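Report on one structure; see the data block that follows.
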Amino acid sequence: MPEVRSSTQSESGMSQWMGKILSIRGAGLIIGVFGLCALIAATSVTLPPEQQLIVAFVCVVIFFIVGHKPSRRSQIFLEVLSGLVSLRYLTWRLTETLSFDTWLQGLLGTMLLVAELYALMMLFLSYFQTIAPLHRAPLPLPPNPDEWPTVDIFVPTYNEELSIVRLTVLGSLGIDWPPEKVRVHILDDGRRPEFAAFAAECGANYIARPTNEHAKAGNLNYAIGHTDGDYILIFDCDHVPTRAFLQLTMGWMVEDPKIALMQTPHHFYSPDPFQRNLSAGYRTPPEGNLFYGVVQDGNDFWDATFFCGSCAILRRTAIEQIGGFATQTVTEDAHTALKMQRLGWSTAYLRIPLAGGLATERLILHIGQRVRWARGMLQIFRIDNPLFGRGLSWGQRLCYLSAMTSFLFAVPRVIFLSSPLAFLFFGQNIIAASPLALLAYAIPHMFHAVGTASKINKGWRYSFWSEVYETTMALFLVRVTIVTLLSPSRGKFNVTDKGGLLEKGYFDLGAVYPNIILGLIMFGGLARGVYELSFGHLDQIAERAYLLNSAWAMLSLIIILAAIAVGRETQQKRNSHRIPATIPVEVANADGSIIVTGVTEDLSMGGAAVKMSWPAKLSGPTPVYIRTVLDGEELILPARIIRAGNGRGIFIWTIDNLQQEFSVIRLVFGRADAWVDWGNYKADRPLLSLMDMVLSVKGLFRSSGDIVHRSSPTKPSAGNALSDDTNNPSRKERVLKGTVKMVSLLALLTFASSAQAASAPRAVAAKAPAHQPEASDLPPLPALLPATSGAAQAGSGDAGADGPGSPTGQPLAADSADALVENAENTSDTATVHNYTLKDLGAAGSITMRGLAPLQGIEFGIPSDQLVTSARLVLSGSMSPNLRPETNSVTMTLNEQYIGTLRPDPAHPTFGPMSFEINPIFFVSGNRLNFNFASGSKGCSDITNDTLWATISQNSQLQITTIALPPRRLLSRLPQPFYDKNVRQHVTVPMVLAQTYDPQILKSAGILASWFGKQTDFLGVTFPVSSTIPQSGNAILIGVADELPTSFGRPQVNGPAVLELPNPSDANATILVVTGRDRDEVITASKGIAFASAPLPTDSHMDVAPVDIAPRKPNDAPSFIAMDHPVRFGDLVTASKLQGTGFTSGVLSVPFRIPPDLYTWRNRPYKMQVRFRSPAGEAKDVEKSRLDVGINEVYLHSYPLRETHGLIGAVLQGVGLARPASGMQVHDLDVPPWTVFGQDQLNFYFDAMPLARGICQSGAANNAFHLGLDPDSTIDFSRAHHIAQMPNLAYMATVGFPFTTYADLSQTAVVLPEHPNAATVGAYLDLMGFMGAATWYPVAGVDIVSADHVSDVADRNLLVISTLATSGEIAPLLSRSSYEVADGHLRTVSHASALDNAIKAVDDPLTAFRDRDSKPQDVDTPLTGGVGAMIEAESPLTAGRTVLALLSSDGAGLNNLLQMLGERKKQANIQGDLVVAHGEDLSSYRTSPVYTIGTLPLWLWPDWYMHNRPVRVLLVGLLGCILIVSVLARALARHAARRFKQLEDERRKS
C-alpha cells in the first residue's frame, strides 16, 4: 500500500525536552490536566477594564506573532488562545453584566445572553471540527481492472429541464471505468417521455417509479431495488462529473471495507446570488466553499463526514443494512450518513472537486433551498439527536451536533442585529457594563474569533461574509426554526430549480422584504441615537450608552443593507456559463489544414474564447474545427468563429449529434483537472473583507434607471421555493408598503415629539428660598446622614405654639452673659456648673427645621450620681423673614415638658442669645431636648413651602448646675460610678497597680480594662496608671491583698474578692478593689467581674468563684455579626430604633461590626433584604415618596414607598392572577464588599412627600405619620471567606484585626519592657480597652511577656508597646519591616531592590505606571515631644503571624496613638504599615513586604492570586495554552496515525 500522509503527521514535533516528557507513560494526561486547570483558572478571573485592556493587548500581540508563520501547531495555539479570550469574556458576561431593573430589561438581556451562549457554543464546535483537517489523498486502485467493483450511477430528477439533466448523464457515461462494470440510471420522478427517449438514445437506463412518496429518498430507494451494483454513485441532475471521478475515489472504498461513504465537494461553476448580485461578490469565495474546503475535511479527521446528497459513492451493503436512504426527514443525505455511522460504518472525504454543478440562480431560490436544509437538520436534531443513542464516538456526536445546531442561527442573528434598539427605543440597558469594559472584554473576544477563523478558513470564506449570508436568510428561518423544533414532522421536500434565465435585472422584494422592514426600524433607532447625541442634554453615562448603541446599530444596519443588496438580481441571458480553462487548441479548416493555434480562455456548452491571432479580416461567421488532445485522446469539435480581433477569437459549437455533444461535455466538464482551481482565492484579510462588504452596500444606491420594477424571470418559477414558508408575493408587497408607511409615520411622530421636547425647557427651576443669613454654623440638612444623636428623631411630644405661660425668652445682654460666668465662679464647692453647646450634646451641626421636618431633637444624659439644681437654655440662630409672629414659632420642650417659644421678627431674621430657664425637675437620667417648628396658621400649615424655615445654632448652650449625691457602693451598679451609660462621652478610669507591674497583675488589669471597653463601646476609655490611690475621685485598685497600699488598710480576704470601698482621701469617691491571696486569685477576681453570668450582688463585697471559660473560635466575637446565616435587623438594634415619625423622620441606623478580612469570589456582593411597610392614610404621596438605603455614607438604592408591579403586573391583577400590592414591601439589595469594613452602619432615610404640595394641611398629619423598617429585614454575609493581605493598619484601626480574630486574644501576646513605666502600662490598658470595645469580650487569653521571653510565644501575634529607652530589646521583632528605631529616630532602613521593583512593575503595571514619578518615602522622624509611631509587619518568629509595635519616647506619644485609634474621623487615615502621629497630624506609609493570612477553598485561590493582577492572568493563561497545545498536537497526530494504521491493518487482513 502506498504511504498515506496527513498534515498532522507532517507537523514538526515538540521540542526535544517536551517530546521526552510527553513520551513518559501518563505524562501527557498529567500535563494536559495541569494545563486545563491553568486555563480554567485564567478564564475564571475578571479584571477591571483598564487591567483587562493589558491582557487584551498582549493577547492580540501574541496572535500576530504566532499567526505570522502558519503551521498546524500555530493554528491549534490560536484556537486555544481564542478559547481563553472568549471564555474570559463569557465569565465576565455571566458574572458582571447581568443586572436587570425591570422585567423587560431582564427579558431582553436574557435573550441576548442566550444568543451569545449559542454563538460561543458554535465557535468552540467549529474549532473542534477544524482543529486537524485530515487532507486525505487518493489511493490507487488494484492494477487489474477485473478486480474493480461494479458501480450504479444514479441521476435523480423531478422537474428539471432535459437540457440540464443530459449534461450530467452524458458526463456520467464518460467516466473512465470498465463499461461492463458501470451503469448510468436516470431516476425520473417526473415520468416524462422525452427523458425515456433520451435514455434510450444515449445508452442510459431509465427508471420511473409509479408514485412519488418520500421525494428524492424514495426515488433512490426504488432504484436500489432495481439495480445490483456493488457501489452506488449519486449525482444531482445538474452535477456534471469529471472522467476521473471513480478512479480517484474508489481506491479508498476498495482498500477499506468499513467505509460506507466517500463524499467529494459540491463545486458550482455558476456564481451564487451573493457572487452575482453584490458588487464585491465576484472576488468572494462561494458560500459553500467553507463547508467543502474546511469543515468536511475536519469532519473526516473525526470519522464524521456527512453525506451531502450528490457527488458521493455509497457502499450498497451499508445502504441496505440501514434499510435504504432515510425518509423521516427532508434532508435524507445527512440522516442516511448518521444511520450508517450508528451501525459502525466509517465515512470518508476527498477534498478534490470531481463534478461541477449549477448554483441557485436567484436569491429567493437560494433561501428556499436553505429553508429545506434547516428544516431537515433540525428534524434530525429532534428525532435522532446525535448526542443520544448508541454507535457514535464523541467526535462524531459533536460534529453532527455542530452541523445541526448551526441551522439555529436565525433567532440569535436577529437578536444580535436588533439588540441596540432596546436602548435606543426603550431605554433598556441590557448589558450592565461601561463602554470601556465592553471594549476590554467584548472586542478582544470578537477579534480573536474573527482572526482565528480567518487563519483557519484562509481563502475558503472571507471574514464578515457569514454575517451577510445569515442575515439574508435569518428572518425567513425564524418561523421554520420554531415550528420544526416544536413539530418536527411538519414540512416537505422541495426541489430547488436550476438553470433559469433573467431577461433583465430587477429588485426581488419577496426575497428581502423582511430585511427592509428591519432596516427601516434600525435606521429609526440609529436616527434616535444620533439625535440624542447631537441635541439631547445627556450626562456622561447616558452619552456613552447612546454612542455605544448607535455604533452597534450602525454596524447592524450595514450588515442588513448588504443583505438587502443581494436582492438586486442582475441580468442573466446566457444559456451556458463560461468556465475558465487554459487548453492548447488548433483551429483548422474542413480539409484539416491548420489556420491558427491558440490557447483557450474559457469554455462553455455554447462555445469557447481562444487567445490567438486570426490571419485575416473576418467577414462573417466561418465554419471551422477546433482540435485538441485530452489525456491522449484527440477531440475534433465543429464550430463557427463569429468574432476575432485584439488577439482573441470567439467560437460557438455547431453540434449535430450526440457524439459531438459528448465530446464538448468531455472538453468542458470532463477534464480531470477541470475544477482544481476551485479554491484559488486570495487568503482572507479581515479588514479588506469588511471593506468589500461595505462597498457592496453601494449597489443598493445605483441610479434609479437601474432599478427595474418587479417582473417574473423567464424560467423557472419560484412557486415552491419556500413551500409553506413563503406567502403570495403580491401580499408581501402590500405588507411591505403598509409597513414602510407605518414606520415612516412613527419616525415622523418620534422626530416631531423629540423636537418639541428639545424646544421646551428641560427643567423648571424651583422657587428660590428666602435668603438665609450667611453663617458658618448653618449647614443644609443632608439627604442621607450617618446616625448620630443630633440627627435622631425627636420624641412624639408636640407642645403648642403657645404653651403655658407662653415664655418667649428674653435677649441676653452682654452684661448678663458676663453675669453667667461670674455666677458659675461663685457657686459653692458642692455644686458644679456644666456648659454644653448643642454640638457637645451630639448635634451634627446647626439644627434646621422646615415644614416637612418640623421636629428636631437632641438626646443627652445626666450622671445618676448627680442632681440638677438649676438649668438654663441659651439659644441663637435665625428664622426665615417670611415667617409671621402671629402664626409661626419654634417651641422647646425637655422630656415633653414645655420650656419656651421663639417667635420670628421678619425685620431681624437672626436672634439671640436668648435665655430660657428650665425647671430642674424636668431632668432625668436620659433626656431629650426637642425643637418643634410651626410653619403656618393655627391648625393649618403649609409643610411643603421651602421658604419657611428656622435654624438653631450649634453653638447654643445648655447650662446645668449639679450637686453630687451620696455614693451608693453596690457592685450591682457596676460599671457605675466609673461610667454612666446615660452620659455619652469619653470615659476615664484611673488604675492603681503595684509599681513592679507583675505580668499576672497586668493581665488581670487588662481583663478589667477590656470589660470597661465593652461597656463604653465606641465612646472610648482611658486608664491613667499610678501606684498610689488618688486624692480625689474614683479608681480601681488591683493587686494581691498583702501588697495593697498600707493607707488602704489591706482588707482580709479568703480568696478571690471584689470590694467597693471609700477613697481614704475623698469620702464621696469609691475605690473598686480587685484582689486575692495570690496573683492567680487576682486574675480570677477580675474574671468574676468580666465574665459574671448573673447580676453582681447588691453589696459592696463579693467573693469570686473560679470561672470556666470555653475556648473561643475564630471570628466569634460577640460584637461581630453572625456570618453563617442571614441576620435580622431586630437582632442588631431594638425595634424602636427602626421606627420614625413625620415626613422627614431622619436617618434610621443599624450599626454592626464584622471582621475586615472578608473576601468573596470575584467581589460578589453581600445580600440584604429590606422590608418595610408603606404607610397608611391619604395624606402621603407614596409613589413619589421613597426610602434611601446606604451603608457607611455610601448610597446604595432608593425604593418608592408604594409597591408597583408595572403594566404586566396590573394586567395580571386585573384578571385575578396576581395579588394586589400589599403594604409590606420586600426588596433584595446587593451590598458591595468595598463598602464594608470593621465598624459599619446601615443608613435608611425615609423621604416622604405629602399628597398635595402647596396646599394647607393639618399640622398634626406630619407628626402622626409613622415610617419604619421591619425587624425581620436581614443582611447576609455567609458567602464571605476570611483572607487578607497584610500589613494593613486600617484593619487594626477598625476592630483590632488580626488580634481580635480570637475574641479573648488567646492567639496574642503583649510584649512590654522588662521594667515598664506607668505610661507604657497605661498604653497597654488603653489598648486592651480598645480590644474589648471592638469584640465586646474580655481579653482573658492574652499573655504578657518581656522581649527576653518572646520565644515562649513565638506562635502568637505580638503587640509590642515600648519606649525609646527599651527599643533595642524589641528591634529583632521588627526585622521583617522596613523601619528601625535608633538614636530617638524612626528611619527607613530598606527599600525594595531594583529586581523587586521590576517584578512588582511587571506584576502590576498600571500601579507602576501611575507611581512612575513617585519615589519611595524615606521616613526619618524623631519620636520625641509627643510623637508616636505604630508599625505593623510579619512576625520573624512564625510566618503568617503579625507584629504590631507602638513606639514613642514618652507616654504622651503612646497616648496620642491610642486616642487616634478611638477617633472615627481619624480611622480612615490609618493605613499601610506605618502610622506616625504628632498631635492632630497623622501620616501613613507603606514600605514593608506584604504577606497573606487566612485560608480559602482551593477553587478560590486562582481568583485571590490573580485578582487585579493582569500579568499573572496572562502568565497562567498562556502557560495553560502552551501545555494544552503540546498535549493536543501530540494527541491529534497520534489519532490521525491510528486512523491510517487501521486502514493498513484492514488491507493486510484482506
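We number each residue from 1, going along the chain as drawn.
Even glycines carry a Cβ here, placed using N, Cα and C.
Record features (Swiss-Prot):
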ACT_SITE  ASP189  active site
ACT_SITE  ASP333  active site
BINDING   ASP236, ASP238  substrate binding site
COMPBIAS  768-796  compositional bias 'Low complexity'
DOMAIN    572-647  domain 'PilZ'
REGION    1-741  region 'Catalytic'
REGION    147-240  region 'Catalytic subdomain A'
REGION    317-377  region 'Catalytic subdomain B'
REGION    708-731  region 'Disordered'
REGION    742-1550  region 'Cyclic di-GMP binding domain'
REGION    768-813  region 'Disordered'
TRANSMEM  26-46  transmembrane segment
TRANSMEM  47-67  transmembrane segment
TRANSMEM  106-126  transmembrane segment
TRANSMEM  398-418  transmembrane segment
TRANSMEM  423-443  transmembrane segment
TRANSMEM  468-488  transmembrane segment
TRANSMEM  507-527  transmembrane segment
TRANSMEM  547-567  transmembrane segment
TRANSMEM  1513-1533  transmembrane segment
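Distribution of Swiss-Prot features across the structure.
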| residue | record | DSSP class |
| --- | --- | --- |
| ASP189 | active site | coil |
| ASP236 | substrate binding site | coil |
| ASP333 | active site | helix |
| remark: Most isolated by CB count within 10 A, of the recorded positions ASP189, ASP236, ASP238, is ASP189
| field | Maximum Cβ pairs under 8 Å to the transmembrane segment (468-488) - stretch from the list 106-126, 398-418, 423-443, 507-527 | value | 398-418
| In the predicted model, what is the mean pLDDT computed over the domain 'PilZ' (572-647)? | 89
| request: State, in range form, which of 106-126, 398-418, 423-443, 1513-1533 has the highest count of Cβ pairs under 8 Å to the transmembrane segment (47-67). | output: 423-443
| task | Round to the nearest Å and give the CA-to-CA distance linking ASP189 (active site) with ASP238 (substrate binding site). | result | 15
| Most Cβ pairs under 8 Å with the transmembrane segment (398-418), selected from 26-46, 106-126, 507-527, 1513-1533 | 106-126
| remark: ASP333 (active site), Cβ-centred 10 Å count of other Cβ atoms over all protein chains shown, is 24
| remark: Summed over the domain 'PilZ' (572-647), the DSSP helix, strand and coil counts are 0 helix, 45 strand, 31 coil
| Could you give the Cα-Cα distance between ASP333 (active site) and ASP236 (substrate binding site), in whole Å? | 12
| query | With DSSP helix as H/G/I and strand as E/B, how many residues of the region 'Catalytic subdomain B' (317-377) fall in helix, strand and coil? | reply | 31 helix, 7 strand, 23 coil
